[in-house]
Amino acid sequence: MQSTRRVAIPLRVHQIWDAIGRFGGTQVMDFEKLVEVVTSMHKVPRDELHHELDHAIKDGLVTSEVVETQKREETEIYRLPDHAKLDRGDHDWYCFQCHMGGPIVKCEDCPRVFHMDCLPDDRKPDKDLFVCPQCHIIATKPSAEKVPLKPKPLNQLIEYICERFQTWNAEWMEKFDGAKWAAACNRSEKDAWRLNVLVHRPMDLATMQDKATSAKYQSLEEFQVDCETLVHAIGVYFGVESLKGNQFGAAFLKEAMHDIQEIKLCHQCFRRSNEKDHDWWFALPCTPPHDVVWAKQTGYPFWPAKVMKREGNRYDVRYFGGNYERGHIDAKHILPIETSLAKLKVRRTAGWNDAYEEMQKFQEIAKNPTLVNSLPPRGKNAGSAAATTTAVVNKKGGSKRAASTPTEEPTITKRTRKSEPIPATVTTPSTKATSKKVPASAKAAVKTKGKESPAKTNGTSAAAATAPSQIAKRKSTNTTSNAKSGAAPSRRESTTNATTPASKRGGSATKFTPAAYDISTDESLDPDLRSILTEPEDEESLGGDVSFSDEESSEPTVSEDVVSSSCNEGSATRNAYVQVSRPGTTEVNVERLVGYINQLKEQNKNEIELNKKKQWCFNCGREAIYHCCWNTAYCSIECQQQHWGSEHKKNCRRKKI
């Protein structure tokens, strides 16, 4: 029942093709020459190369021919395959799970194949009949009970997921095109044929988007399998040993499965978080309605939250206010919503007041659903704002009022929630996928004590921008230390959370641009930093979420770093603003911003000095390791040979012994 279609490792096949096509087919490529080129380009051991070359010839991915040399000696030379005559067959060449070749079993209903060891115990072949796990979940549709939606609304939710992936700006993922995939791994357009030789079944984001637009998906499982098919293509083409093939594919699948799980938990919450018809979208009850509780995150006060799911003694909750973060809380840190505020002993901060007000609105609408019709559209005022509020410090997804408390029974016509910009920090991407933050207001940091969000900060100031309560400004000492140790926001946050223009709720929020220092005209300023400080605000989208737990997670998070380095920076990392909540902070902000820019200039100067001390290949520009003469060096023997024959032979100033 098992058969073998291919054995050679796809990544090694790429490397062999690179060597054969290096000189454009002008040189005869025998084994010794092949070993020399592959070893210099990819550092592959000789024995492993010999082993993989034999497999590639048997798989038909490399053609060999015995020719007679000028010395009348027979030698075997290697050429690229004729991809036009490739026999594709009905089934894939590589295991759908591990993306490698070898003995496989074929599915009866689709082109997918698997290694026996890669199959779960309950899906192993029964005698001669084998149906793969993907065909099984498509046929059974286990999500149908949790998501009882017709195809059109279901495909609308899938469209939201596809649109979010398009923000990754990975063109090769959007279109199954050989030239784009070749460019993604630093190869030329002439290598476009490789994609169809290695990947049996094409899949891309454009195909999934078209299927969702045409309402062709009948279940979430079908979309999940398409995502897995794209990840399989990535793993085969780029190789499981590479970053794109392993970590990038894993990050894509993790994000897709996260969104699918969110739809299964509550498709109504998922839809509203993407549509946001009005500012009170989170206060609308679902069917059936979520329970509301007081949840306490470690290091934060009790906070109002919706219960999304309960498993044993663990609660999966989403907090009111701010960015609506998620938390996995133990039952001992959960209290009924009827618990009095006196028993909770909560210090009422501006962020906590916003969350409490939103929770009250949720309870009002749950008691009287007709109030939904009187909710104003997004960004519109439905009545006069409370006159008791004073200064406002705008935050992403909510607002902070410096000296006001919510009324005990607010009504729909008195107040509307506003979508407001990101907290006052400046975030810049660096070469190590970290970011440095400059707090905007030192006075406000000294003024406010105590934490304002149940979300875990993990020792960085990045969480201060993502707390469900519009996180508090720390004491001045904490502000200074956080500015030095800030970390980049999570990828989900950067790909889903943007901002809307600031709006007033009984006060004023002012955006500040230093008059003494014109950012847009400073030619020495880093272009990325200039774009961060001058880019206008985008419309807010809080469709994603950041999950927190009251216990430290032990799972690795390398996938997010890979995405940050492989794709363009997300919108949240580019939307940073300096805001002023009271007079007197302008000079402090200018000093900190200018100081940070000077620090970047110094860092850039040190990097230039370091590069000046290195030698660079005269032929290709890479860092050189072979010195030839007074101003000439090379990165490899191949570069030396090419440059020697074409130019350097006449001008070399090395002493001839």
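Glycine too: its Cβ is placed from the backbone N, Cα and C atoms.
The compositional bias 'Low complexity' annotation in TrEMBL covers 379-396 (among others).
Residues or ranges marked as compositional bias 'Low complexity' by TrEMBL: 430-447 (among others).
Under the heading compositional bias 'Low complexity', TrEMBL lists 455-467 (among others).
Taken from TrEMBL, the feature compositional bias 'Acidic residues' applies to 535-554.
The domain 'Bromo' annotation in TrEMBL covers 198-245. Counted with DSSP, the domain 'Bromo' (198-245) comes out as 32 helix, 0 strand, 16 coil.
According to DSSP, the domain 'MYND-type' (617-652) comprises 15 helix, 8 strand, 13 coil. Summarising the annotation, TrEMBL assigns domain 'MYND-type' to 617-652.
What TrEMBL records for 369-566 is region 'Disordered'.
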Sequence-remote contacts (6 or more beyond its ends) of the domain 'MYND-type' (617-652), Cβ cut-off under 8 Å? 22, 36-37, 40-41
